[in-house]
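Copied over from Swiss-Prot, here are the features:
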{"type": "DOMAIN", "residues": "22-192", "note": "domain 'EngB-type G'"}
{"type": "BINDING", "residues": "30-37, 57-61, 75-78, 142-145, 172-174", "note": "GTP binding site"}
{"type": "BINDING", "residues": "37, 59", "note": "Mg(2+) binding site"}
């Protein structure tokens, strides 16, 4: 898949604000500060399209980006961030779960996992949830540039042991662009 055009479409705080289900949706989900926004910016080649922050929990809404006029990339709030209040964490969790359960337009879910901390309990729970719902998902191991070759191989093996039903695993670096072409090629199977 080649990305020709990428624009911010809308943010929503409740399922009632979601756009019509006219385009396939590729969903980006992962722990807080795993690099979802950086990955979106890297994939699209549009710096600042998705707002990035070194502060976990920055994304608090469901953010839609229209790609090539006929696909949505959907950035969900991160899970696992402890510094927000219980009520806010419950709201994010309910929004995330309800969206994944009910949205028919979801073509693929990308579970972003920090390569330095593979297979954390919250990531395994997300994969189990997606498998329970029979949602196709791929795993993106982010921050690949921060690992040595030996660490990278060990992290990949560990991730593979927990994700037998993943459609693919891609090691990705938003800094260098490593994995970008591979990931975009996978999208072809889910957006046609």
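Positions of Cβ are set from backbone N, Cα and C atoms, glycine also.
Quantities reported herein were computed from a predicted structural model and do not represent experimental measurements.
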Residue 143 (GTP binding site): tally of other CB atoms within 10 A of its CB: 21
Model confidence over the domain 'EngB-type G' (22-192) (mean pLDDT, whole number): 88
Neighbouring C-beta atoms (10 Å sphere around the C-beta of residue 33 (GTP binding site)): 21
Neighbouring C-beta atoms (10 Å sphere around the C-beta of residue 172 (GTP binding site)): 28
Those binding-site residues listed as 36, 61, 77, and which of them has the most Cβ atoms within 10 Å of its own Cβ: 36
Helix, strand or coil at residue 61 (GTP binding site) [DSSP, three-state]: coil
Those binding-site residues listed as 30, 37, and which of them has the most Cβ atoms within 10 Å of its own Cβ: 30
